[in-house]
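Engineer: Pasting a structure here, questions to come.
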């Protein structure tokens with residue numbers, strides 16, 4: 001193919017334009033169109049680097065072949081790219097909101113389910129954990145949808161499954177029907193978890209990526225908070241548990257309707273040889289100022305490299321043969337298990353039952369549980385501020401010791417024979433637990449895991465993370481009743497405190513800092529042998545703590 005260099009006399013900048021040889025055969029022409037589409041006949045980025053992308057970003061005419069910029073409208077109104085990005089993030093993260101809503105409404109619903117359905121211990125354990133059972137396979141369902149249909153249709157499928165599952169739950173009359181609804185909701189949760197963080201990351205500016213992905217977790221916390229509120233509001237109703245379990249119907253329907261008007265991921269469009277659609281999506285979401293144009297040109301080159309590199313690539317084969325991929329998968333999966341084994345879902349699912357065992361009535365147990373929901377939602381706000389300033393690793397290391405102590409305090413609330421004392425200690429323990437959880441392992445795992453994931457294996461990697469997350473969720477939620485019967489409630493929370501300390505040691509040794517690192521830097525990071533990286537990271541952390549202690553001594 002010929003290359004033609006055209007000088008721009010006005011600004012003395014140079015553009016490289018690729019012209020496909022006119023004399024190529026029709027078959028060759030069709031192959032080119034199939035790979036990149038007609039508009040990319042005039043754009044050559046094969047040898048692009050950061051300087052090249054910067055040069056192109058300063059030339060507004062570099063994408064003239066893609067047509068004029070689209071008129072930015074949303075739901076019939078003219079909108080700015082910033083407004084569209086905010087709406088996109090809010091609507092997409094409704095998947096996490098729905099999950100949080102379900103996690104806590106079941107906390108109240110199961111207090112009233114037992115007398116109605118006469119559940120045994122195994123069934124009592126399966127009801128809250130049923131959503132995790134479905135979600136483990138929801139990630140696998142999302143894989144072909146994400147590859148062939150796109151991020152947006154997969155989120156639509158997720159909200160449809162949420163809607164159907166919530167409807168079935170609310171109308172169920174026996175345990176099998178209830179479990180069917182729980183598993184369908186779980187399938188929706190798995191689809192959403194495997195897609196939404198990826199969708200937001202692909203649509204957001206690089207400088208805001210960590211914050212916007214973390215909003216996925218904030219939405220989960222807000223859903224949990226509303227779940228506690230609705231459980232308290234419906235506690236006195238005659239159909240209380242049906243209203244609680246059906247509360248996800250409206251937000252699922254709302255997400256489905258609002259999602260239809262939002263753009264597809266620009267990166268996905270580009271990977272499917274739809275450059276014009278990619279340009280239009282990018283323009284609507286991020287505008288086309290110089291910084292945004294630079295990111296767009298970098299994305300073009302990244303996608304070209306990704307498509308070239310990902311041919312005949314498979315996560316399983318790469319895991320076996322490539323040490324960096326093994327290290328990345330271990331870090332990503334470990335962060336999912338760390339989040340689950342910190343005991344969050346045991347508290348979310350069973351805190352009402354725990355308060356009832358102290359001596360509260362069912363209604364009062366739900367009202368007191370509301371304190372935990374509000375604490376969880378409020379305490380995550382500082383974490384959103386610090387996650388891109390302090391870093392993911394430091395947040396986890398600073399909060400896990402406190403999280404472990406708060407779990408021990410919660411367990412102490414079942415030792416005294418005085419119910420009032422037990423209640424006060426347990427409430428304080430739970431509130432402090434959410435203070436540390438919401439600012440650490442409750443917030444950072446999905447951010448870290450998505451940042452370190454290899455782009456060319458992104459779809460299968462996200463499905464693996466979803467499976468691991470819900471496998472841990474299922475393990476914690478299903479075993480809670482058996483653990484409390486075997487080692488007591490105090491022993492169970494003591495066990496979770498031990499898990500939190502083990503999490504601290506694992507993060508200290510094996511989880512690197514990913515804050516403000518480019519994809520190239522992260523790739524190089526995991527090419528370093530683990531033993532060398534451990535020595536470097538632990539040494540760096542120790543030196544940072546020594547400097548902090550010296551500053552504290554000087555201030556005193």
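The backbone N, Cα and C atoms fix where each Cβ goes, glycine too.
The structure displayed is predicted, hence computed values, not measured ones.
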Engineer: According to TrEMBL, transmembrane segment applies to one of these ranges: 126-148, 264-286, 287-309. Which one is it?
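Structural biologist: In TrEMBL, the transmembrane segment feature sits at 126-148.
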Engineer: TrEMBL tags one of 328-352, 528-552 as transmembrane segment - which one?
Structural biologist: 328-352
Engineer: So are the transmembrane segment (493-511) and the transmembrane segment (155-175) touching or not, going by 3+ C-beta pairs under 8 A with a sequence gap of 6 or more?
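Structural biologist: With fewer than 3 qualifying Cβ pairs, these stretches do not touch.
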Engineer: Quickly jot the same-chain residues contacting the transmembrane segment (126-148) by Cβ under 8 Å, restricted to those at least six beyond its ends, or write none.
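Structural biologist: Sequence-distant neighbours of the transmembrane segment (126-148): 99, 102-103, 106-107, 110, 113, 119, 154, 157-158, 161, 165, 175, 178-179, 182-195, 198, 268, 349-350, 459-460, 462-467, 469-471, 473-474, 477-478.
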Engineer: Any contact between the transmembrane segment (181-200) and the transmembrane segment (83-106)? By contact I mean 3+ C-beta pairs closer than 8 Å, pairs at least 6 apart along the chain.
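Structural biologist: Yes, the stretches contact each other.
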Engineer: What residues in the same chain, six or more past the boundaries of the transmembrane segment (364-385), come closer than 8 Å to it by Cβ-Cβ distance?
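Structural biologist: Sequence-remote neighbours of the transmembrane segment (364-385) are 104, 107-108, 111, 211, 214-215, 217-218, 221-222, 224-229, 231-232, 235, 347, 351-353, 355-356, 395, 423, 427, 430-431, 434-435, 437-440, 442-444.
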